[in-house]
Amino acid sequence: MIINQSEFSVSAVKASQYPEGGLDEIALAGRSNVGKSSFINTLLQRKNLARTSSSPGKTQTLNFYRVDSDQADFYLVDVPGYGYAKVSKKQREEFGEMIQDYLETRAYLKGLILMIDGRHEPTVDDIAMYDYAQYLNLPILLVATKMDKIKKNAFNKTEAAFRKHLNLNKDNVTFLPFSSVTKLNVDQVKDWIQARLYEE
C-alpha cells in the first residue's frame, strides 16, 4: 500500500458527528501515551498530522483521519487512550461510553489496531480492551510499540510476555513489534490494513 495523501477530517463524540461517505475504517486503541500519535504520523508519513504529547490523556475525542492510498481510501480513527488515572471518574465513564458506542455500532469499522507498550507486560486495561475486541469479533492487529528501546535479541521475550497474558493464537489476531523511530514493520502494518479494507 502506498499512501498518496492523508488529512485530519473530524473529531467526534457521538454518531451524528461521524464522517459520511461510506469509507471503511480502522480504529486505533491503546493506553494513554502508548505512542498512537507517533504511530499515525509514521504510518501516514506526515510529521505533525497527529499531535504528539508527553502528557497522557490529551486525546478526548474520536479523531478521524482520511487516508487516500493506491489501493483504497479509508479512515484511520484514533480512539481516546484508556488507563489514564488523572481524569475524573465521570470523564472515564464518558470516554468508555463513546468508545463502546463506536466499536459496537459502526458498520464501516473493519478492524482494530491495539497498541501496547512493548517495554512492559500488558496491563489489566490492555487485557480488558483485547478481550472486549475479541468479544466484538473484530480483526485485531496487536502492535508492541517503542521496540527501538528494546534490544533485538529480547523481541522474543516481549512476544512471549504478550502470549502469556493474551490469547494470540486466534485466527483474527496478528502480532507485530513496531517502532516509530526505526520504522520497524511499517509496511507490514499497511499490508494488514489493506487486507481488512472492503473485505466481505
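Cβ coordinates are placed from backbone N, Cα and C, and glycine is handled just like the others.
Summed and averaged per residue, pLDDT over the domain 'EngB-type G' (22-199) gives 87. Marked as domain 'EngB-type G' by Swiss-Prot: 22-199.
Taken from Swiss-Prot, the feature GTP binding site covers 30-37, 57-61, 78-81, 145-148, 178-180, and the record attributes it to sequence analysis. Residue density at Lys146 (GTP binding site): 20 other Cβ atoms are found within 10 A of its Cβ, drawing on all protein chains shown.
Look at Swiss-Prot and you will find Ser37, Thr59 tagged as Mg(2+) binding site, backed by sequence analysis.
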Hey, what's the Cβ neighbour count for Thr61 (GTP binding site) at 10 Å? 16
Number of other Cβ atoms within 10 Å of the Cβ of Gly30 (GTP binding site) across all protein chains: 24
